[in-house]
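Taken from TrEMBL, the feature NAD(+) binding site applies to 116, 117, 118, 119, 120, 140, 141, 153, 162. For 195, 257, 276, the entry in TrEMBL reads Zn(2+) binding site. According to TrEMBL, the feature domain '3-dehydroquinate synthase N-terminal' maps to 79-190. If you look up TrEMBL, you'll see 192-341 marked as domain '3-dehydroquinate synthase C-terminal'.
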Ligand SMILES: NC(=O)c1ccc[n+]([C@@H]2O[C@H](COP(=O)([O-])OP(=O)(O)OC[C@H]3O[C@@H](n4cnc5c(N)ncnc54)[C@H](O)[C@@H]3O)[C@@H](O)[C@H]2O)c1
Ligand SMILES: O=C(O)C(=O)C[C@@H](O)[C@H](O)[C@H](O)COP(=O)(O)O
Ligand SMILES: [Zn+2]
């Protein structure tokens, strides 16, 4: 496979082409030190509301603040607790309240410094406080750098299911400092890798082969890591530019998510049991096995996907989740809340093989239920 050539210098830039709302994703080691200058270039003299979590604040906030100060940007920090539980109504309300209590104005800027939880939450807050403030994404997890910081899906979870309240709200800029991934736990790095593999499995079999050969290098660092982040962002930027609000092809980015989201809701969004990328890993294997069971996809391809995700250390079966899952009727209720449901019918991302995913509308719930039973769910 030919990956796009590195740009001169240590920075890669991917453009999300959405006309007047288009933006750059800048990728590279040490980028946080340039964050102030890059934000000031777009928002001169703005005050920066930094939304972050306490873990990221401890590790990377000093460098981010120093960069803002060097560019003459005033700032205020709004920390939340780390973890999926922060993508909730109470934390959303509290953050809106804290921003309104500060001196921030509509022309100031929100910076989401953290993983996907922070990006989704901060993007939602930025989209509604004072009817909308601009925001920039400064993703600090692999998952956020390759996926959640790009494309403008923002929101929170509810007791009915994942991401069920939110808005499409594109950032003005994404700054992905790949060096900050050095402090990420191996478990969280692996979780992000599930979304990297997803791009290969959707429509890029050469990328999947490259991942099979290079995954260890991505875990080690540059240059494979930067290559994987940039390639993933290029893939996501293409899909988002073609279908910003998921009227069609964007649904492919949901490969593995119908099962995965139901499992995340099933464990009560408890990251000790299952984090998003792990749910995606299990969900992706299930989507391939479900496709194979229906005769759509060669069984060897499903096995190959499972083998690869397992080799990097990701969970691939529902039985890999510690603790007890809810029963299948409850999982089916969460699946029925999936945002791809149309006129009451389930939509799944299924596959004809590696890199040959497609959108299947009107999937029979009884077939899904039977498949989950045979796959050991809800026991
Ligand atoms: N909007 C989208 O398009 C989209 C796409 C994919 C996922 N998501 C959402 O993203 C969320 C998952 O994101 P995530 O996996 O980044 O989880 P996360 O934001 O919870 O981060 C994972 C953990 O890593 C810690 N962390 C973050 N950066 C760190 C660093 N550099 N060093 C050390 N620790 C660090 C965090 O404190 C947290 O404990 C889910 O809510 C999911 O639904 C959204
Ligand atoms: O950007 C998208 O579109 C995606 O589906 C990316 C997913 O990885 C991500 O988890 C997203 O938040 C899921 O979207 P949802 O609409 O199913 O909540
Ligand atoms: Zn995802």
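Counting starts with 1 at the first residue shown.
Placed from the backbone N, Cα and C atoms, the Cβ positions cover glycine too.
In TrEMBL, annotation is done automatically, which means it is predicted and not curated.
Structure coloured by features recorded in TrEMBL.
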residue : record              : CB count, 10 Å
116     : NAD(+) binding site : 27
118     : NAD(+) binding site : 30
120     : NAD(+) binding site : 26
141     : NAD(+) binding site : 28
162     : NAD(+) binding site : 24
195     : Zn(2+) binding site : 27
257     : Zn(2+) binding site : 26
276     : Zn(2+) binding site : 30
For the domain '3-dehydroquinate synthase C-terminal' (192-341), how many residues does DSSP put in helix, in strand and in coil?
106 helix, 0 strand, 44 coil
Give me the CA-CA distance between residue 116 (NAD(+) binding site) and residue 276 (Zn(2+) binding site), in Å, as a whole number.
9
Where residue 118 (NAD(+) binding site) sits in the secondary structure, as DSSP reduces it to three classes
helix
Less than 6 Å between Cβ and the nearest atom of ligand 2 is the rule; apply it to the binding-site residues 116, 118, 120, 141, 257.
257
Three-class DSSP secondary structure - residue 141 (NAD(+) binding site):
coil
For the domain '3-dehydroquinate synthase N-terminal' (79-190), residues assigned helix / strand / coil by DSSP:
50 helix, 32 strand, 30 coil
Inside 8 A of the center formed by the CB atoms of 195, 257, 276, which other residues of the chain have their CB, for the recorded Zn(2+) site?
143, 147, 194, 198, 256, 260, 277, 279, 280, 283
Roughly how many angstrom lie between the C-alpha atoms of residue 141 (NAD(+) binding site) and residue 276 (Zn(2+) binding site)?
12
Cα-nearest neighbour of residue 118 (NAD(+) binding site) within the listed binding-site residues, 195, 257, 276:
276
